[in-house]
């Protein structure tokens, strides 16, 4: 079976090939209800159509860029007049929405100039580029210029799920059989007795359809809620003169949006101001080369990404008036790729379905053949009555119902149910799963490559130490001004403050409440807070010199530079960043009086020791430097050498509470945790030791040393590698590639920056940070960690393992029911000529094992034991030896008991009288159901004996058990007319329950039989099997 599944039903968790997707679709057969079975499967035809539209759109946009001059000439000859409508005019605006949208979309620079440029646009949409829109006018703007939403398909109603459930071919056949049965029954037995069998089937079908539809509808609501969460993007805007965060959906034409590296451009607009703004337009044009946006090329398009720099834009069109909005309508129709487990279980369902179909046909042929032989022996082969027809119809209904039970349509859908449940729980635990397959794959992860800042640490940074003029100062914000003023000159203090306030991408703004807020990264915030505590006015120092050039910080350069024009002429470059990198760029240093003096080698070594000393105290270290220049020939770039060192700053970023325990949990679960950080190696080692990541025999290495090694050398050191410091994004990508390809590990990677996107994309599971992460990182991730906490990542692993194990439990349970139901009906048909379980009874059993079974077992929450076993790994057999042991053992027990009852039950139970057969059949049905009830409890743990542990923590399981038993009592005691049952005495009820409960004892015996081969040779017994758990482990 596993070989067949690997050949036909094996797909990659991330970016599966279209060939693999088509292969498994063509291999699927014996599908009762394609609409329901493939509801959560990608529509390849619609996806191809959407891709075709995207390519066409890209080609048109490329043609627009290439033939700009020709288009401008054509437009000049065919100027489209946009008359101002009365509605727009009365609202107080001076430009039509369509005209505004077309100018930006067509990159019509002449059209922009005709309207007076950016200032002209702002005036016509009644907004100030400094103060932004007024909140009170937002509804009016939305009415005239539209909402920033694209048209989405309305959610499916409950009745559509009912209709989908009714598309089941076997149920349709059974409904036809029921109608025929009612017609023939009335003709032979009269009203109402002749209708009972048919009505019983119809009522059972109604119950199956309603339970199925309710379950599917609930799942759909959960996925809709999660889909809304995925699309939540918050952006920085200026409204009413103050900076604030708003949802992308609340954006309106006229909004002033602030863009920085990694942001998604939220709407079409024009550039107001900024520095080195570089935009990736590949999502619209297919061109990988970034576009530089400035005053000469001011157009920004929705859906593109900020690759570098920062800027402000004026929103000119939103929602469906943007090209991205129109494109998203088609892109959202293809659906998400199916997960590997969904595909694999479609394969399992196909195999079992074929077997079930064969048994159903054989059962019908055997029953029909026996019936015909008996008629022939009685010489009645030519005498046919309506009761004979009814009997054949009953045989056919039983055969069809066997197919209903035997084709496990619920297997692939149980994966969806389990994933929906896990994703909802993870959302409550601060993890947003973007791709379904990530939930599964995370359970197999055996390596986590994590960032340091914000993931292992709190990301709440504070300047605690400062080295300046050969003095180390301990900083306490309450008295930092007095400490520095008493030891350094006013001139040097002024240089330090200018280095902080002028060389920053952050802003100090007043909130609506009048309080001072700092907007920017945690490192920048710590520096600005330190500067403000020194008692200086940010705005005065920030704008006393004109900023000419800004080179924002990124993880490759590991520094930020700014070039300013000095009031008295000349230029000054400020630079800050990774301590050792900035120190290498410095040839001078400022003394206590603020004068520039040469930097001798002995002092350079002392400063290096200071940096290492700060780093060993777990401090993040930065150097600040400046350089004066009179050269005006090259103001488009900042200098790279001959800087003057100002200070070394130590920033404290404490380890998050609970991280050490989370790392310990990972190690116990067989998951290696590796820290990959851009920080100083000594800082990284100190934090790694504090977290429990770096051990005595572990290796800490710098990115440069790692990248200079050959692939073979990398392969040799990676098993011991625990910390990589001063790493570039490319180093992280290389490490992930090596771990996946050479070590065959299932790798989870965290990332927050734009440059982390390749590593997130390459990894098995990309984990983006929700707070510190850019939109580019989030888009390339599979899971977004909303609180940036490492402990949340461990929780995702725990749920990933739970999903995998839960599906295994459900498959084990369902296959046991399949085997027993098939064999008992077939054997009975061959031997006695009748089936002990009627169509109505089989439909009820199908519901127990399908929808209700999935609800009970696929929603089991994770337990602590999941993190004390090794990870699942790649390419393992989904149906394990342990599962086969339990399935075969329980099937043998149930078949033995039911066979004994079927062929010798009357004698054993001492049943006599005319209703003995009815009582026996009811008792067999009751015993069979209770065997499934207790086997469902057995399936809660496939290996441990104590299956009751934590049972009351899962209220869904308890509810399903109670509902199953309650409805079983109702069917037997009160619905006998429709279900072909008779009421049982309390002794027979007790006997049924006892027969079912014996399966608990059978499970204990089975679990003492060792079957799984040990993965670790040292843990093997002499016979090659794992050592059996004992004592508390067994329980």
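Glycine residues also receive a Cβ, built from the backbone N, Cα and C atoms like all the rest.
Looking up the ranges 767-792, 793-818, 819-844 in TrEMBL, the one annotated as transmembrane segment turns out to be 819-844. According to TrEMBL, the feature transmembrane segment maps to residues 169-188, out of the candidate ranges 169-188, 229-248, 249-268. Cross-referencing 131-151, 194-214, 278-298, 299-319 with TrEMBL places the feature transmembrane segment at 194-214. Annotated by TrEMBL as transmembrane segment, the relevant range among 988-1006, 1007-1025 is 988-1006.
For the transmembrane segment (955-976), the residues of the chain that approach it from at least six positions outside its boundaries are 200, 844, 848, 852-853, 855-857, 859-860, 922, 925-926, 929-930, 933, 936-937, 940, 982-984, judged by C-beta separation under 8 angstroms. The stretch from 169-188, 393-422, 819-844, 916-934 with the most CB pairs below 8 A to the transmembrane segment (988-1006) is 916-934. Over the domain 'Cation-transporting P-type ATPase N-terminal' (112-186) the predicted model carries a mean pLDDT of 85. Counting only same-chain residues 6+ beyond the ends of the transmembrane segment (916-934), those with a CB under 8 A from a CB of the stretch are 813, 816-817, 820-821, 824, 836-837, 841, 844-845, 848-849, 894, 897-898, 901-902, 905-906, 909, 961, 964-965, 968, 972, 976, 980-982, 984, 988-989, 991-993, 995-997, 999-1000. Counting residue by residue with DSSP, the domain 'Cation-transporting P-type ATPase N-terminal' (112-186) contains 48 helix, 3 strand, 24 coil.
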